[in-house]
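Here's the structure, in C-alpha cells; my notes come after.
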Amino acid sequence: MPPPPPPQGAMATGAANHAVPCSAGRPTKRNQRRNPASLSVRASSEANTVTLLDYGAGNVRSVRNAIRHLGFNIRDVRSPEDILSADRLVFPGVGAFGSAMDVLTRTGMADALREYIRRDRPFLGICLGLQLLFDSSEENGPVSGLGVIPGVVRRFDSSEGLIVPHIGWNALQINKDTQLLQGVDGHHVYFVHSYYAPPSDANRDWISSTCNYGESFISSISMGNIQAVQFHPEKSGATGLSIFEKFLSPNSSGAKVPSHKKASKLAKRVIACLDVRSNDNGDLVVTKGDQYDVRDHSSSKEVRNLGKPVELASQYYIDGADEVSFLNITGFRAFPLGDLPMLEVLRCASEKVFVPLTVGGGIRDFTDASGRYYSSLEVASEYFRSGADKISIGSDAVFAAEAYLQTGVKTGKSSLEQISRVYGNQAVVVSIDPRRVYVKSPDEVQFKTVKVSSKGPLGEEYAWYQCTVSGGRDSRPIGAYELAQAVEELGAGEILLNCIDCDGQGCGFDIDLIKMVSDAVTIPVIASSGAGSVEHFSEVFEKTNASAALAAGIFHRKEVPILAVKEHLEDAGVEVRMQ
C-alpha cells in the first residue's frame, strides 16, 4: 500500500482552528452524568507543550483538538532529532502498518523512536501507534515493526461470522494498576481496527488492559513511561479526555468520569445524523427530508431549517450521541476544494465533538469553476485533514459495484477502492439508498428478495430493494443485497443502510431490509430511516444484526432525546454507552 498523499498545493488549507459558539447544554439528571464539554484544564506555562508525531495519514486533527482542549500547545515532529528532544511524545498512528513503517524508516524516525523508548521517555501511542511497537504485522505482510514488544499483529477472523472491522464502544478488562487507566474500568472506549495484538507469555508484562472481541486482544500496554492504547481516547468522549489529561499532566488525577452501569462488552451505537445544505438564502442549515424531500409542504416550499450544523453536532455530543454524521446534500461544485463550506463545518465541529465524525455527499472526482480537477482521493483526504474520521460514499459506490459485478474485476480506480487502500476500509462507509419493489414471486427478478412482514398494495408477499443514486432520484439495476456484498469486496468497512420508503415516516426501521443486508455481510451495518420512538431502536437491535442505529428528525425536533433512547435500550438489556 502506498503511503497516504501529503497535503500539497491547493489541498493544504492550513491548521488554523476557528472557534464557533456552541450550545452549552445541561447535564442530565440520571446518575448526574457530567457534561463532557466541561473537561478542560490549563497547563502551566513551563510544561505546556507536547510533541506530536504526525506522518501525514488520516485524521490527527482530533488528537490535536483534544490536546489543545486540555490547555496544551503542540510541537510537530519535523526530524528524528525532534523525537529525541521531546519531553512528551504522542504518536497517533493512522492507516496501514506497512505504509507507516515505510515512512518512519525512510525518514529515520523509526530508529529515533526506538531510542526514545529505550530511554524510557514519556510516550503515548494510539491505535496503530500501539501496533507498530510489536515485532511485526500480518497486514499486507509480514511487515517488520519497531520490535519493542514481542508479538505479531494479526487480523480478526471473520470466517465464523465475526463483524470486521471492530468498530464501536467496547469495555476494557484492566490487568495492571496504571495511572493512565485510573477510573476507566467499567467505561466504554472507542475502537476502530481490523488488526490486533494478541496477548502471550512473552508480552504479558507489558499488558495493562485487554478487550474481548471474538477473542481477547491487547487494548493497552504500560512499561515505565511507555504507554500505548489500541482504542482512540480522542474519540472516547469524557473518558478519553480523562486519559489524555493523565498522560499530559502526570501529577493530576484527571477529571473524574461519573459512575454508571459497568460496561461489559461491545455497545450498540446511537448515531445522530445531520443533513446539511444551503437554504434559499445561501446559509448552511441542518434540514430533514420526507422521503428525501427537504422542502416544506406549505406554500413557501422553503428548505426546512432545523438548526446550525456545528451547534447541533456539539449539543448531540453533550447529549450522549456515540457518533455524529454529516451528510452534505448540496453540491458546492463551484467552490475550490480548499473553500468547501463543509470543510469549515468539520474543522469547527471537531474542536467541540470528541466522538467519531463521518461526512458524506460529493465524495467523487470533480472539476471546480476555475477548471481545477480534483480526484475523489483528494476530496476525501481534505475531509480527513479537516476532522472527519470516516467518509461516506453513495452514488460512486453504486457505479463501482455495478462494474465489478459485470466484469468480476477490481480495477482499483474507483473512489471506494482508492480511499480504502490508502486510509483503510475502517475509514470508508458506503451509503445505500434503496426503494422497496414488491413482487408476487421471487422468480420475477434476478435480485435477492425477502418475504415481507407487511404485504404490498396488491397483496404481494415479496419485495426486492432497488438501489438509487443522486439522492434517490435515479433508480439503478442492482439490489441492496447485491450492492452490499459487492462494496464489501471492494473495500467498504461499514454500510449505512437507508430506506426511501421509511424516510421521515416515523413508523420504524425497515426490519426486513436491515436483517437481509446485515446477515449478508461481515462488516458493520448502520440502520437508518424511519425511527419515530425509543421502541424502534430496541426493535432493530433485537431483530437484526445491525451494529448501530441512526436518526435525524426525531432528534432535531426534540421529539425523542438521545438520552431517552439510551435509557430505554439499557432497560431493555441492550449494551449501550452511558456517559
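Each residue, glycine too, has its Cβ placed from N, Cα and C.
If you check TrEMBL, you get these features:
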type     : residues   : note
ACT_SITE : C127       : active site, for GATase activity
ACT_SITE : H232       : active site, for GATase activity
ACT_SITE : E234       : active site, for GATase activity
ACT_SITE : D275       : active site
ACT_SITE : D433       : active site
BINDING  : C127       : L-glutamine binding site
BINDING  : G362, N498 : substrate binding site
DOMAIN   : 52-247     : domain 'Glutamine amidotransferase'
REGION   : 1-42       : region 'Disordered'
Local confidence of the domain 'Glutamine amidotransferase' (52-247) - pLDDT mean: 95
Between C127 (active site, for GATase activity) and H232 (active site, for GATase activity): CA-CA distance (Å): 7
For D433 (active site), the one of E234, D275, G362, N498 that lies nearest, given that the recorded positions are compared by Cα: N498
E234 (active site, for GATase activity) and N498 (substrate binding site), distance between Cα atoms, whole Å: 29
Integer Å distance between the CA atoms belonging to G362 (substrate binding site) and D275 (active site): 13
CB contacts for D275 (active site) [other CB atoms within 10 A, all chains]: 25
Active-site residues: E234, D433 - member with fewest neighbouring CB atoms within 10 Å: D433
Euclidean distance between Cα atoms of G362 (substrate binding site) and E234 (active site, for GATase activity), Å: 27
